[in-house]
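The structure under discussion appears below in the form of structure tokens.
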Amino acid sequence: MDLIKLKHYWIFIITLLFYCIGCIIHFIAQKNGTRPQKEKEILKKVSPSTVLFNSKNSNATVDTPENDYASPSNLFYFAQISDIHMSLDYNKGAQGHLLFFLKKMIPLLDPRFLFITGDIANSKKYGGMKVGTDENEWKMYHTILEKTDILQKNNGTFLWDLRGNHDCFMVPEWSSPYNYYRTYSKTKSRGFSFLYETSYGTYSFIGLDGCPAFTPSNPFFGIIDEVTMDTYTEFMDLVKTNKKNRHNFVFLHYPETTAKFGTSSTGKRWEDYTKDISLLLTGHFHNIIGNQIYAYHNNYLEIELSDFKLHGKYRIVSIDNDIVSFTDYSLPLPELPFDFKTSNVEDLINQPPWIFQHPIAPIVHITSPKNSRYILKTNREPVKESLTSGYVRVLVFSQQSPNDLKLSLFIDGKEQQVQFNYVGDQLQNSSTTKKNNKRSLDTINIFLKKEKKRGETTPVATMESQSIESKVPPLWVARWQSTPYDDGRSHELKVVAFDSKTQLKGENTIIFRMDGQKDDLDIPLRGQFLLKSVFPKLLPILFGIVYLSYEAIILFSRLYAVKYIIPNHDNLPFLPDRYIGDLIFSETKSFHETFFKKTFILPFIEAFTLNGIFYPLQILVIYMLVFPSRVGLMSRSSEHFSRFCGEFLYGFYGSGQWTNTYDQYGIFMATFLLVLYLDTLLIVFANHRHERNHLLTLIILSLICGFQLILSISTTYMHGGILTVLLSPFPVWIYVYCWFLLIMIIIRRFRSYKPVTPELAPIQI
């Protein structure tokens, strides 16, 4: 092969080299993306301390299993909400829902704890064109917490809030003044961890902060970095040493499928502890594919909660004699999202809408028997005991006295002749009894793990005792005969509570099996797939398939042209300003023999024979494997990080830190398909035809051009303003060049000339 022919193969060698470099960068980004670099010591200091709550009640009865199931012993419950998205732009839902929940529902439900799993603020303006945390949104949140006395409830042990991805938009680092979470939230640390110790067992709670250490824009995927994994593994190791520990509850804004879990500094992984998790409680997906998105992983059950912003969803989780039950409810409002007519929190607080005086129907939550759809894999639930205890146990939250409620039990649609008895007052001290609102005193001992001082090898632990006032669970029990249902089949159990004063009713339904076997989740497969698909692993593979299929089309077409066409023609145009189909007819004659070859192969060979089409597109495509696709001021000012950073296929890189290491694969794949892939097909098939353009074709092309222009400019501008638009090889530059080629082809087809034949080839047109 002489040098003239060899010069056409250099691009193939460069392409292979860039493939190799791209793979190396990918693995470097994935490894370093979970390891904070510059702010590591600061993050360690703000990691949560381990807190032990010791709840004791002198009247607790633990004599026999039957006595346990006949009284409100061994029972507590907590609540969860997620994705509030507070914003001055919203009159409906959002902060109005939160105020209603904290002011009306919390006094009624009175859970032991309330967990908010992220996306407290919205951090978006102008339809998403401007992103970044907004202090006004966080001030609204803090005002609601203060005015509803939530911050002081149970001596400050009631509320635990986490960050979501919206809470760290454009927050360059934890110590940044734009991290309003550390100022206005209740928790104020990167997650939380505490042990709740009772006379009947210990229960562990840990919340993980999944926000990247460095956040230049608006991430969708979370990163559980090395510092957080250190906290998590230390806590789980501590839990394992407690023989009285019953259940471990993990809270995270991001479902497992959207979180990248790093390793601890000692090499421990998330998978090393999943067998110890009872429930993973998450948010993030809103109502993307339905109200309920649950899934069993290898060792535990994950339950994602729909958003509070528009759908007003909240969750009650009860632990009753170690049987874990949960129910997702909607706020009792006439419509969701409810229109509060104003986004101003002060106005809502000072002049509450009429809905705050509206009666609330009884809220029913069955705690026993166990719902057979949600049997935990930890084998820590006494499922058989709850089924054979002889009692149905139900929490009923009502504004009315128990005397005004009537409970009914239905099994498989048939009403049962049972009598429900209210036992919610059974554990109360007579000295503190108040009519219809009786309470008991619990003692809480808080153990704080403080920072190590110089010369110390272990953290210093201190203890302070507190007394809190908590309402006895509003429990109803009824004896029932379970033997007739011991037939190896699933049965439906429903409890209905009727309020005779307001004529309102509430109900709750579960599925049970007397043999203790687990039923299917009865969740749409798309919901289970969403939680189990592991996007951090799937997206790079999907992008690789899309990318390599595109490359195969280009490179094999070009390879044919280099071998059989280009050496025979030294007068080929650089740009597609002339039709070359007839010019290269003799070299492509075999492709005219069948419809498939002529329609789907020949156009690609014709297009990529031209240097002006092949080289710019191929260079830009392999460029994105090694170099940044966008460059600019893509973050806010901070002490340790520069505003200037680059967006690579593998994530953002700035000031020595990789971040958002999986978001970009999804974004690049969508842009790749909607811009580059589509435009290449348009160029190829438009270039193949040499007759005049049809009006309908021009209209369709104009619409596509406008759509891609908006997509390319808006997404790029949102990341870093006009500078980023100018310094954006992908998608802006590649969009501009593709449409330059298309416009040239359209102009060529408007010109009226005869096709070029081999005899006329030497003549310039």
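Counting begins at 1 with the first residue displayed.
Yeah, the Cβs are placed from backbone N, Cα and C, and that goes for glycine too.
Sequence annotations record features per position, and here TrEMBL assigns transmembrane segment to 9-29 (among others).
A Cβ distance under 8 Å defines the sequence-distant neighbours of the transmembrane segment (538-561), meaning residues of its chain 6+ beyond its ends; these are 11-12, 15, 26, 604-605, 607-609, 614, 617-618, 621, 649, 662, 665-666, 668-669, 672-673, 676-677, 680. Summarising the annotation, TrEMBL assigns transmembrane segment to 538-561 (among others).
Here TrEMBL flags 600-626 (among others) as transmembrane segment.
The transmembrane segment annotation in TrEMBL covers 665-686 (among others).
The transmembrane segment feature in TrEMBL is assigned to 698-718 (among others).
Taken from TrEMBL, the feature transmembrane segment applies to 730-747 (among others).
Among the stretches 9-29, 600-626, 665-686, 730-747, the one making the largest number of Cβ pairs under 8 Å with the transmembrane segment (698-718) is 730-747. Between the transmembrane segment (730-747) and the listed ranges 9-29, 600-626, 665-686, the one holding the most Cβ pairs under 8 Å is 665-686. Among residues of the same chain six or more beyond the transmembrane segment (600-626), those with a C-beta under 8 A of the stretch's C-beta atoms are 11, 14-15, 18-19, 21-22, 25, 547, 550-551, 553-555, 557-558, 560-561, 565-566, 572-576, 580-581, 584, 588, 591-592, 649, 668, 676, 680, 683-685, 687-688, 729-730, 733-734, 737-738, 741. Only residues 6 or more beyond the boundaries of the transmembrane segment (9-29), in the same chain, are considered here, and those with a CB under 8 A from a CB of the stretch are 540, 551, 555, 558-559, 562, 615, 618-619, 622-623, 625-626, 648-651, 653, 658, 661.
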